[in-house]
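Colleague: After the structure tokens below, expect a handful of questions from me.
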Amino acid sequence: MAEKTKQQLESELEDALKKIATLESDNLKLGADNEALTVKVDELQKALAASGKEKPPFPSGPDEHEVRRRMSAGLTRKQAEEAHAAQKAHDARLKKAAA
């Protein structure tokens, strides 16, 4: 491997320092953008809460997973929820009968 001259190393170091400065500047800009968006989200949430039209949190969990799986098969949300509830009741009856 050829040895690099002192001048080449200094040039590479200078380039690396410029890249670091650019990245730090970009990071500061992104931080400011993030802060502005956070403030905007807070304002929108307050306005939504004041309007009385705030939606409940998005459902999640194993039951929601099953409902979504059934919905992907073509059922409506109501049909999927009913089918899942019926399946859970059936499973409970089988478990009770086995005990």
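Note that the numbers count up from 1, one per residue, in the order the chain is shown.
The backbone N, Cα and C atoms fix where each Cβ goes, and this holds for glycine too.
Here the structure is a predicted model, which means the values were calculated and not measured.
According to TrEMBL, the feature region 'Disordered' maps to 48-99. The annotation compositional bias 'Basic and acidic residues' is assigned in TrEMBL to 52-69, 78-99.
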Colleague: For the compositional bias 'Basic and acidic residues' (78-99), what are the same-chain contacts with Cβ under 8 Å, counting residues 6+ beyond its ends?
Modeller: 63, 66-68, 70-71
Colleague: DSSP helix, strand and coil counts for the region 'Disordered' (48-99)?
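Modeller: Across the region 'Disordered' (48-99), DSSP assigns the residues as follows: 37 helix, 0 strand, 15 coil.
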